[in-house]
Amino acid sequence: MAITELPESVETATTTTTASSIENLNSDLNHAIRRIRGSNGFEAINSSDVCGSGAGFETVNDRSKSVGESSDGGSVANDGEESKETEETTTPYKFAYRASAPAHRRIKESPLSSDAIFRQSHAGLFNLCVVVLIAVNSRLIIENLMKYGLLIRAGFWFSSKSLRDWPLLMCCLSLQLLPLTAFLVEKMAQQRRMTERAVVILHITITTAAILYPVLVILKCDFAFLSGVILMLVACIVWMKLVSYAHANHDMRQLAKCIDKVETSDVDYSYDVSFKSLAYFMVAPTLCYQLSYPRTPCIRKGWVARQFIKLITFTGLMGFIIEQYINPIVQNSQHPLKGNLLYAIERVLKLSVPNLYVWLCMFYCFFHLWLNILAELLCFGDREFYKDWWNAKTIDEYWRMWNMPVHKWMVRHIYFPCLRNGIPKGVAILIAFLVSAVFHELCIAVPCRLFKWWAFIGIMFQVPLVILTNFLQNKFQSSMVGNMMFWCFFSILGQPMCVLLYYHDVMNRKSSAR
């Protein structure tokens, strides 16, 4: 509908408003042009010079024209106001992006340069890596199925051979009698029915039995390798918990004696030996004993159910990768130290990818899913079971972030006690790695019934790697160098080589036994 005429008051007000807005617009344009020309190093010019016929642009309608009048005096269509608003909105951009406007104003680095790469978002490159990873692994899955077929059989989850492992199960259950014995020792020590020397001797006997008893059972009985590894892991956990329990209670007794000697009324230090606290500690996802822990208010049942589903899924994926990929590779390979060097490198690199997947699945299943499930069921509050170890710049950082329960235990019961007894810091670190190497060797060599010390050497080899990566980090001041060294030596080369060495040594032992 065309607008033919307006009341005089409305027409006057509208004309005044339009004239005012045009004046403001011209003022803004004039200011913008001066700024642009001034920044370019040219002499500022008036807007009237730019808006003239020489500029080739027409800014706004004549001020004398009222709303509803066209340039030739005719009436305007109902879209006249919309076109005027659009023109008034877009007019400043006609002058802001002129050909003479500067396009380069600041010093800038390329996004992938070394100075700017960590200030950019690389989400697109991450998505590309995910797509390439899926494509490459899809090809490997198809190639593996075409070459070997489906290797997963009906006995993958449960086999009748597993029934022969019942002695290991009984050994695992009977290990729980050792914490009860330790509790009785501490109770008598609290009541001062036993000397401190006798308490120490009894705790050494109990902790030694926690390791030797499973080792003897595994070496005497016929069993599956996985069952032996699980039993040794349980035995090591029980040993570390008993050491922490004895050490913490010994320290609390010493503090209680010191407080009794001082006889200060303002100090309230309670020392109690409670079976309830020990029982909670033995099942809690921690290796460091204390009288109380931070607790959560409730159990999220739905959350626990979802985590259990994830745990079953990733455990199955881990087993599938082992059966379908790792087993054929190691079975078709030679001993890495007795063959061609190039062939050994090719086997290690071929095994590194599925081995890395299994290792990451193991980390996610145990440290994230299982420990969080256990913590939720027990209302255990401190759930820092790991840190961002994948960003570790040195091997030293990796070992401090990878396994927080073990790291806290090492710091509390090995590292700082060594420092308090005057042992140098470097020697204390070496002792901590030595203890870790011994237990890694026990968890692998005992189930394999083979003591070649490959795991021990692998862990102790971390000490020169710590020195090397720390040196590189201090010299280059780059997180990339140390992080790449960590992934290369630890995941790509170290673990696959250890798997090949133990597999072929076990096969050679079985063939010689026949």
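Glycine is treated like the rest: Cβ placed from N, Cα and C.
Positions annotated as region 'Disordered' by TrEMBL: 61-91.
The transmembrane segment annotation in TrEMBL covers 123-142 (among others).
Per TrEMBL, transmembrane segment is recorded for 166-185 (among others).
Under the heading transmembrane segment, TrEMBL lists 197-217 (among others). Same-chain residues lying 6+ beyond the ends of the transmembrane segment (197-217) with a Cβ under 8 Å from its Cβ atoms: 167-168, 171-172, 174-175, 178, 181-182, 185-186, 188-189, 231-232, 234-236, 238-239, 242-243, 246, 250, 442, 446.
Summarising the annotation, TrEMBL assigns transmembrane segment to 223-243 (among others).
Outside the transmembrane segment (308-326), and at least 6 residues removed from its termini, the chain residues within Cβ reach (under 8 Å) are 140, 144, 148, 150-152, 156, 351, 354-355, 357-358, 361-362, 364-365, 369-370, 373, 499. For 308-326 (among others), the entry in TrEMBL reads transmembrane segment.
Sequence-remote contacts of a segment are chain residues at least 6 beyond its ends whose Cβ falls under 8 Å from one of its Cβ atoms, and for the transmembrane segment (356-380) they are 280, 283-286, 293-300, 303-304, 307-308, 310-311, 314-315, 317-318, 321-322, 326, 386, 403, 491-492, 495. TrEMBL lists 356-380 (among others) with the feature transmembrane segment.
Counting residues 6+ beyond its ends, the transmembrane segment (427-447) has Cβ neighbours under 8 Å at 211, 214-215, 218-219, 223, 225, 227-229, 231-233, 236, 406, 410, 414-415, 418-419, 453-460, 462-463, 466, 502 in the same chain. Among the features that TrEMBL reports, transmembrane segment is placed at 427-447 (among others).
The active site annotation in TrEMBL covers HIS440. The Cβ of HIS440 (active site) lies under 8 Å from the Cβ of ALA455, PHE456, GLY458, ILE459, each of these being in the same chain and 6 or more residues away along the sequence.
Sequence-distant contacts of the transmembrane segment (453-472), counting only residues of its own chain at least 6 positions beyond either end whose CB sits under 8 Å from a CB of the stretch, comprise 393-396, 399, 429-430, 433-434, 436-438, 440-441, 443-445, 481-482, 485-486, 489, 494, 498, 501-502, 505. Among the features that TrEMBL reports, transmembrane segment is placed at 453-472 (among others).
TrEMBL lists 484-504 (among others) with the feature transmembrane segment. Long-range contacts of the transmembrane segment (484-504) within its own chain (CB-CB distance under 8 A, at least 6 residues past either end) are made by residues 326, 330, 333-337, 347-349, 351-352, 355-356, 359, 392-395, 398, 444, 448, 450, 452, 454-455, 458, 461, 465, 468-469, 472.
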- Determine which residues of the chain contact the transmembrane segment (123-142) at the Cβ level, with the cut-off under 8 Å and only residues 6 or more beyond its ends counted. 325, 353
